[in-house]
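Here is the structure we will look at.
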Amino acid sequence: MDRIIEKLDHGWWVVSHEQKLWLPKGELPYGEAANFDLVGQRALQIGEWQGEPVWLVQQQRRHDMGSVRQVIDLDVVLFQLAGRGVQLAEFYRSHKYCGYCGHEMYPSKTEWAMLCSHCRERYYPQIAPCIIVAIRRDDSILLAQHTRHRNGVHTVLAGFVEVGETLEQAVAREVMEESGIKVKNLRYVTSQPWPFPQSLMTAFMAEYDSGDIVIDPKELLEANWYRYDDLPLLPPPGTVARRLIEDTVAMCRAEYE
């Protein structure tokens, strides 16, 4: 599936190594390969955006290696493709040898997978399912500041799905563990791939059922009910968390205005 980059090859370039992304001038490179010293490297086309190919190049650059979070303000599709590239690069880097027999592996030519040349085992990129949920109580929404968000951003609750657990069970468990409350009338909204590091966010809306807020201090700095027209600093547009909050605000406006 991959090939040697030629001088006139062009498009968007996802140059990644160890979950980092090359961002010269803070931007995702776009243009001809020769402009970015990529001629002769191996590249894998991982998608297309606005009629232009999006290429993955597995390479470490000496400068300007950053986080895919830095391009979160891109068009949502291009951001997802950049995230795909970072995840695939890490998958290929970390699966050079078979976990069963220890022999060298090689990439499949027909799908995103690594194949063992000895025992024929097949490996696919790991995807970690997560839940994220907006909880409404009358004219208010539950928002929390996570320990990893020291910039004042408040968002909805989220967490990883555990082995042997349904998405609905994961919502109930995560909400109880992080905030101490129970929810009801759970409704699926949408999903979003989230490359931090390899998550698939499944988004829900729910209604408050019972209980008082008691936060898990290992996860949250605080959690409170916020009236829909008096909200703190929110996640950026384009994130599924922001969509859940905006959808909840729209429901409150329709009912209370």
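Positions of Cβ are set from backbone N, Cα and C atoms, glycine also.
The substrate binding site feature in Swiss-Prot is assigned to LYS25, ARG69, GLU111, TYR124, GLN192, PRO193, TRP194, PRO195, PHE196, PRO197, GLN198, SER199, ALA241; the stated evidence is sequence analysis. Marked as Zn(2+) binding site by Swiss-Prot: CYS98, CYS101, CYS116, CYS119. What Swiss-Prot records for ALA158, GLU178, GLU219 is divalent metal cation 1 binding site, and it gives sequence analysis as the kind of evidence. The annotation divalent metal cation 2 binding site is assigned in Swiss-Prot to GLU174. The divalent metal cation 3 binding site feature in Swiss-Prot is assigned to GLU174, GLU178, GLU219. Taken from Swiss-Prot, the feature domain 'Nudix hydrolase' covers 125-248, and the record attributes it to sequence analysis. Positions annotated as motif 'Nudix box' by Swiss-Prot: 159-180.
Taking the features listed in Swiss-Prot, we show where each one sits on the structure.
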residue : record                               : DSSP class
CYS98   : Zn(2+) binding site                  : coil
GLU111  : substrate binding site               : coil
ALA158  : divalent metal cation 1 binding site : strand
GLU178  : divalent metal cation 1 binding site : helix
GLN192  : substrate binding site               : strand
GLN198  : substrate binding site               : coil
ALA241  : substrate binding site               : helix
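Apart from CYS98, CYS101, CYS116, CYS119, the Zn(2+) site neighbourhood in this chain, defined by C-beta within 8 angstroms of the site C-beta centre, holds GLY99, TYR100, GLY102, HIS103, MET105, SER117, HIS118, ARG120, GLU121.
Each of the binding-site residues CYS98, CYS119, ALA241 was scored by how many other Cβ atoms lie within 10 Å of its Cβ, and the smallest score goes to CYS119. For ALA158 (divalent metal cation 1 binding site), the Cβ neighbour count at a 10 Å cut-off comes to 25, with all displayed protein chains included.
A Cα-Cα distance of 16 Å separates ALA241 (substrate binding site) from GLU178 (divalent metal cation 1 binding site). Taking CA atoms as the reference points, GLN198 (substrate binding site) and GLU219 (divalent metal cation 1 binding site) are 20 Å apart.
Note: the divalent metal cation 3 site is recorded as GLU174, GLU178, GLU219; in the same chain, LEU157, ALA158, GLY159, VAL175, GLU177, SER179, ASP216, LEU220 also have Cβ atoms within 8 Å of that site's Cβ centroid.
If you take the C-beta of TRP194 (substrate binding site) and look for same-chain residues 6 or more apart in sequence within under 8 angstroms, you find GLY83, CYS130, LEU200, MET201, VAL240. In sequence order, GLN80, LEU200, MET201, ALA203, THR239, VAL240 constitute the residues six or more apart from GLN192 (substrate binding site) in its chain with CB-CB distances below 8 Å.
Closest to CYS101 (Zn(2+) binding site) by Cα-Cα distance, out of the binding-site residues LYS25, GLU178, PHE196, is PHE196. If you take the Cα of CYS98 (Zn(2+) binding site) and the Cα of GLU111 (substrate binding site), they are about 18 angstrom apart, rounded to a whole number. The Cα atom of GLU111 (substrate binding site) lies nearest to that of CYS119, taking the binding-site residues CYS119, ALA158, GLU174, GLU178 as the candidates.
Taking the mean position of the Cβ atoms of ALA158, GLU178, GLU219 as the divalent metal cation 1 site, the remaining residues of that chain whose Cβ falls within 8 Å of it are ALA144, HIS146, LEU157, GLY159, GLU174, GLU177, SER179, ASP216, LEU220. Counting only same-chain residues six or more apart in sequence, the Cβ atoms lying under 8 angstroms from the Cβ of PHE196 (substrate binding site) belong to VAL68, ARG69.
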